[in-house]
Amino acid sequence: MSKPLCSTGLRWLWLVVVVLIIDLGSKYLILQNFALGDTVGLFPSLNLHYARNYGAAFSFLADSGGWQRWFFAGIAIGICVILLVMMYRSKATQKLNNIAYALIIGGALGNLFDRLWHGFVVDMIDFYVGDWHFATFNLADSAICIGAALIVLEGFLPKPTAKEQA
């Protein structure tokens with residue numbers, strides 16, 4: 001017998017949509033208003049910089065001949081499916097876990113869209129200190145990192161007792 005979807009973590013799927021809209025919207029604005037390599041300073045230590053990433057985080061495997069596009073697309077799909085199953089199995093009241101899963105799914109789908117549509121991931125956030133620049137990233141990457149950090153944080157928090165879960 002299936003359980004009502006609103007009682008599961010799938011109730012938090014609206015957050016996936018929010019992450020996707022913000023991520024894809026920001027990438028659209030960059031693609032419409034920047035040429036590849038253009039940079040605009042926002043604040044000290046923060047630029048908007050249009051870059052293309054053909055690999056994964058930190059351009060891992062970016063120069064591997066194209067197969068990595070499909071490899072990373074497959075990983076993104078697999079992770080999304082696993083996290084959706086985990087959301088379905090969790091209670092809607094398990095907020096921290098479900099928010100984390102939704103952020104990761106939204107970020108993974110945003111980058112998956114880029115890989116499938118453009119053949120690369122659009123990156124635009126350039127954080128730097130002095131002459132040292134961190135790897136350029138996007139809002140999907142930020143959502144994935146925040147989601148992963150929330151999962152780690154949840155591991156350090158005390159587990160609710162059976163009475164608190166009821």
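Just so it is clear, glycine is given a Cβ too, placed from its N, Cα and C backbone atoms.
Computed from a predicted structure; not experimentally measured.
Swiss-Prot lists 12-32, 70-90, 102-122, 137-157 with the feature transmembrane segment, giving sequence analysis as the kind of evidence. Annotation source Swiss-Prot lists active site at D123, D141, citing sequence analysis.
Long-range Cβ neighbours of D123 (active site) (same chain, at least 6 residues apart, Cβ-Cβ under 8 Å): H49, Y50, A51, R52, N53, T136, F137, N138, D141. The stretch in closest packing with the transmembrane segment (12-32), judged by the count of Cβ pairs under 8 Å and taken from 70-90, 102-122, 137-157, is 102-122. Cβ atoms under 8 Å from those of the transmembrane segment (137-157) belong to residues 19, 22-23, 26-27, 57, 96-97, 99-104, 106-111, 121-125 of the same chain, restricted to positions at least 6 beyond its ends. Here the transmembrane segment (70-90) has long-range neighbours at 5, 8-10, 12-13, 55-56, 61, 97-98, 101-102, 104-105, 108-109, 111-112, 115-116, meaning same-chain residues at least 6 beyond its ends whose C-beta is under 8 angstroms from one of its own. Other Cβ atoms within 10 Å of the Cβ of D141 (active site) number 21 in total over all chains.
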